[in-house]
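Among the features that Swiss-Prot reports, FAD binding site is placed at GLY9, ALA10, GLY11, LEU12, ALA13, GLY14, with the record citing sequence analysis.
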Amino acid sequence: MQKEVNIIGAGLAGCEAAYLLANNGVKVNLFEVKSLMKNDIQKTNDLGELVCSNTLRSKSKKNAAGILKNEMKLLNSLVIKAALENEIPGDDALSVDRFGFSKYITDKIKNHKNINLIEQEVSEVDYTKVTIIASGPLTTDKLGKNIELMTGNEKLFFLDASAPIITKDSIDFNKVYWASRHNDGKDGQYICIPLNEEQFNAFVEELKNAETIKLKSFEKEIYFKGCQPIEQIAKTSKKVLLNGPLSPNNLIDENGNTPFAVVQLRQDDAIDSLYNFVGFQTNIKWPEQKRILQTLPGLENLNIVRFGVMHKNYYINSPKLLNRSLQVKRNKNIFFAGQITGVEGYIESASSGILTAINVLAYLNNIKIEQPSRKSMLGALNFYITNPKHDKLKPMKCNLGILDQQNKNAKSEFYSFDESEREIRRFIKGINNFAKIGENNE
């Protein structure tokens with residue numbers, strides 16, 4: 001009899017898990033509610049929708065994100081395939097056309113013989129069936145309450161935000177220039193809006209005094225560091241702005257000058273018609289967003305196609321609830337994957353789906369496996385979110401600091417990259433008696 005698994009949520013983690021399990025002959029019932037009820041930041045009915053930035057971060061072998069993406073590629077990641085098929089210029093980052101990216105994933109999932117996409121809300125988890133909960137940081141209220149009953153723990157949360165997107169043809173190119181921090185060629189350059197000190201100070205004052213959407217009384221201002229609203233940063237420190245989203249470093253204009261501050265715009269789609277603000281996540285009210293952004297040089301007549309929004313991201317207290325296999329300690333049939341586990345970011349969420357699916361496959365075959373070690377980014381993230389020494393989990397992006405780098409002073413500048421690749425290849429070899437990882441498995 002064909003083995004069967006339920007997966008709740010068809011975001012990046014859910015789709016990765018479904019893809020791997022289906023490629024290994026498991027029948028997957030993939031539940032997704034977005035075609036019936038979208039949350040505040042979902043815009044399309046496609047699966048694997050990128051709701052915040054359109055970049056999967058750095059491609060560098062020296063960077064944690066580059067290391068993790070290489071590990072995912074070795075594990076036949078659907079998300080990495082979709083990204084490479086829909087890549088657009090983005091300096092040293094893997095930037096994608098978000099619509100083509102999601103369509104690629106949707107087509108792969110819908111056309112897979114072993115995946116049954118069920119468009120309905122799951123309000124109660126069937127504990128008698130092997131299930132992966134990958135419902136994401138915006139889990140519906142009904143399912144969220146059911147998860148709370150199952151875990152016996154309060155859910156944690158942080159506030160996340162996304163940046164506005166504007167049309168390229170509404171930019172006055174007489175007042176902006178093209179530049180890149182990491183790439184001297186034309187490809188991958190960003191649109192740069194130069195600000196002198198007076199303009200910078202005026203813009204900061206606008207941000208500090210902007211009218212924001214009021215938080216509910218029970219929503220304390222708990223932000224994830226990588227997604228702090230721009231207005232919150234402005235209230236904190238001008239220096240942080242100048243060293244962060246408005247940094248002018250290496251953004252030299254056509255006259256060879258470096259402005260006091262720079263606002264960057266990054267290409268958002270394949271046909272080069274849309275651009276998003278780099279590092280400009282915001283909770284400012286929509287009319288205020290337009291008014292304030294129009295004070296920037298070259299954006300006097302800007303056309304905003306998507307305003308920045310803030311939303312609450314839920315996640316469970318994984319160290320108390322899950323074992324190393326991302327399996328609920330008190331109910332072995334239930335597994336979690338994605339941002340709801342406490343990883344933060346697109347690739348972190350997707351990679352979590354891959355690892356959870358491998359653990360589910362092992363469970364279905366009654367096989368105990370050794371998890372990837374902390375020499376790999378995948379193993380390090382898994383160790384971090386399931387480490388019982390954490391009293392209260394804080395969301396985590398991949399970073400070099402969580403790796404086990406015993407010989408990090410080794411001569412090779414690509415030591416961490418090489419070590420992680422060796423570890424993932426070792427991991428794949430250790431599971432090849434029951435899990436097939438590769439192209440010929442679709």
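Each Cβ is built from the backbone N, Cα and C atoms, and glycine gets one as well.
Taking the Cβ of LEU12 (FAD binding site) as centre and 10 Å as the limit, one finds 33 other Cβ atoms among all the protein chains shown. GLY11 (FAD binding site) falls within neither a helix nor a strand when secondary structure is assigned with DSSP, and so counts as coil. The FAD site, placed at the center of the C-beta atoms of GLY9, ALA10, GLY11, LEU12, ALA13, GLY14, has further neighbours from the same chain whose C-beta lies within 8 angstroms: ILE7, CYS15, GLU16, ALA17, LEU47, GLY48, ALA134, SER135, GLY136, ALA337, GLY338, SER349, GLY353. In the shown protein chains, 29 other C-beta atoms lie within 10 A of the C-beta of ALA10 (FAD binding site). For GLY14 (FAD binding site), applying a Cβ distance below 8 Å and a minimum sequence separation of six or more within one chain yields ILE7, ILE8, LEU30, GLU32, LEU47, ILE132, ALA134, SER135, GLY136, ALA337, GLY338, GLY353.
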